[in-house]
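Take a look at the structure below.
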Amino acid sequence: MTFDVRRFDIYRKVPKDLTQPTYTGAFISICCCFFMLFLFLSELTGFIATEIVNELYVDDPDKDSGGKIDVSVNISLPNLHCDLVGLDIQDEMGRHEVGHIENSMKVPLNNGHGCRFEGEFSINKVPGNFHVSTHSATAQPQSPDMTHIIHKLAFGEKLQVQHVQGAFNALGGANRLQSNALASHDYILKIVPTVYEDLGGKQRFSYQYTVANKEYVAYSHTGRIIPAIWFRYDLSPITVKYTERRQPFYRFITTICAIIGGTFTVAGIIDSCIFTASEAWKKIQIGKMS
């Protein structure tokens, strides 16, 4: 007695002379091929492309920063001389620095009557403020004009990733040229730690922020008006994380198999129904003729 492994074949073959081709079956088959091709290309596009998944959690993501945040600022004061412009920094850890000049640059504007201030510095991860003012000038002007345009105010590493829309430079483009020349400006910032993780697992740390502002006239104890541009900040305990992901390969294969199997099954049911109905109609017509 010989063992025939063919008995395990679940895909039994029907002899070709027992099958019957039809125009309806051919039309359905062609439609199925185009339909499966369309779904396959759609799934392939989704598999190749990456998606950005975001989540929120409570933690300090950049523990290796030494408790510091890098700040980059670029602001133009078209009616204030560069000799009068200075940056002051203070926070709740006791830091109080007047006239910060490290990694900063002043560019004259309007034939020397104005100034563009660019600077990069670090702040501690505690509530505090930094402000552009005339406090560090050797001689205080009688009526300093603090009208300004903020070109850039960003925290942490520069993060420019497609499909990630965030408030990384929320004050960029802020125009206060039409404000009261002697008014002080208060920008209250809520800094939100942000992490971006790419497909390779590399993380980049940046910060988004929300902003509210007010404008007022401030007087010193001598009665003089000493305006300034204040940036008062506090850190949010919530961290936003963006993770770049790609669809797993096994899921792509599973979807393709489902597309092929499902399409053939549904198409077979439709073809069988049409063929059965056609044969029944032919028998009815033959019965009428007889």
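Backbone N, Cα and C define each Cβ position, glycine as well.
As written in TrEMBL, here are the features:
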DOMAIN    5-97  domain 'Endoplasmic reticulum vesicle transporter N-terminal'
DOMAIN    105-271  domain 'Endoplasmic reticulum vesicle transporter C-terminal'
TRANSMEM  20-41  transmembrane segment
TRANSMEM  249-270  transmembrane segment
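Secondary structure of the domain 'Endoplasmic reticulum vesicle transporter N-terminal' (5-97) per DSSP (helix as H, G, I; strand as E, B; remaining residues coil): 39 helix, 26 strand, 28 coil. Predicted-model confidence for the domain 'Endoplasmic reticulum vesicle transporter C-terminal' (105-271) is 89, expressed as mean pLDDT.
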